Amino acid sequence: MATTEEIRAQLAELVNDVAGVPVEDVQLDKSFVDDLDVDSLAMVEIIVGCEEKFGVTIPDEESKNLKTVGDAVAYIEQHS
Amino acid sequence: MKAAPMKDIVITGMGATTPLGGDLASTWQAMLAGESGIVEITEEWAPDLPVRIAGYVKVDPSEKIDRVKARRLDRNTQLALIAAEEAWLDAGLGLGEDNPIDPETLAVCLGSGIGGLHTLLGQWDVYKERGPRRVTPFTIPMLMANASAANVGLLVNAAAAVHAPVSACASSNEAISLAVDQIRLGRAGIVVAGGTEATIHPLPIGAFAQMQALSRRNDDPAAASRPWDKGRDGFVLSEGSAVLVLESLEHAQARGAKIYGTIAGAGVSDDNHDIVQPDPGGLGQSRAMEKALRNSGLQASDIIHVNAHGTSTPQGDMTEAGSIRRALGASADQVVVTSTKSMTGHLLGAAGALETVATVLALKERLVPPTINLHDPEDGLSIDVAANEPRPLPEGDLAALNNSFGFGGHNVAVAVTNANVTR
């Protein structure tokens, strides 16, 4: 079972790949939209990327609730 | 020359990325040197195809557009952005906070024959192999036919209008024609006009080959595009983009812009004959050239140079030679014709803009770039082609036509003059 920090670090790589955000900026308290400037289509890519990377399923209605990096990490921890 | 019935549009900036060079200066130098941009295709799919030659852009767009931005842009659009930025900066204009142009007076007219082909086919591969959930959400804004025009609009901050004319291989000449109209109608004071294409992929090559449209001179790529030569056997597929900044004379003068020349006018027609074959009589092509003269206030006797569509197909080249002679009459005797496709290959929807740029520079530098590989001219060739060597043009006021024709019967002729023309 991956630690919270390991999941955050892998997610940071994904966000960097999709949206060019520096990995060190992708911290648990950051909002994807407000802090990291991730737009709605890039967010779709991040969600799908999480499904591939972590082997979870994130339904569209759930993905709307993943506002911060911490929200996404917690969802992955609970569902992987 | 007599008075123009409609005002001239001036050219204040130009840019290009082509099989001959990553910018306009290198492209033009290679044209004057008679270089070929056609190479062997070494991608893993090439051995399956009867045609294994093409004209890739000399400088890959990844050298100019960063990886994250490029993920959201089809190659077709990446090339357009590179050419558009060069043209915009060449016009003495800045981007972002340094952009001095009122967005409400700025329009874009930028055409593509096919559009985001690599995205369409690439994402279909993703869908088939990994399912719909893996298709990028950027697919539609990347593949749509207006994607390049719209992204160029965002680059230069255009709010008057963005147009993306689609007329196969006449698309970017049609874009220039439309830009002229927009300025004359007062809908814009300045227009970024041009074309882009990126279709080097096994499907279009295989499909064009099925039409018997492509040269199969696989063992000698540089000699494959040979307009009007008896050995020609079809066109060579190329990619690239070319863009011009066009302005009303008043708009350009108000900001003290340098002026390369004018787009004096344009003529548009359709063959109304067949979906792919040109009317063998070439009447539609002649009508486009005649309309361009009337639209420009030019006489046939004013024309000193024609940059032909000249794709190196057995039928098309000779049809066009006859069309030029019909449109210009006895004045055709004084006209130096060239096909720069002999060097660049055929950029499809970007061809018209690239060849308009070449025509502008030919008049400005008074030097027509050569038609290379023309060693054994077709019998009965009734036009004077600048075979294999650049041809000097005389001093004084000069005018020229640039022809583009496309599947669907589209014919567009653009009339260009040098900067010193007084009519």
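Even glycines carry a Cβ here, placed using N, Cα and C.
Mean model confidence of the domain 'Carrier' (A:2-80) amounts to 96 (pLDDT, 0 to 100 scale). The domain 'Carrier' annotation in TrEMBL covers A:2-80.
Around A:Ser40 (O-(pantetheine 4'-phosphoryl)serine), no same-chain residue six or more apart in sequence has its CB under 8 Å from its CB. Annotation comment: TrEMBL describes A:Ser40 as O-(pantetheine 4'-phosphoryl)serine.
Across the domain 'Carrier' (A:2-80), DSSP classifies residues as 49 helix, 2 strand, 28 coil.
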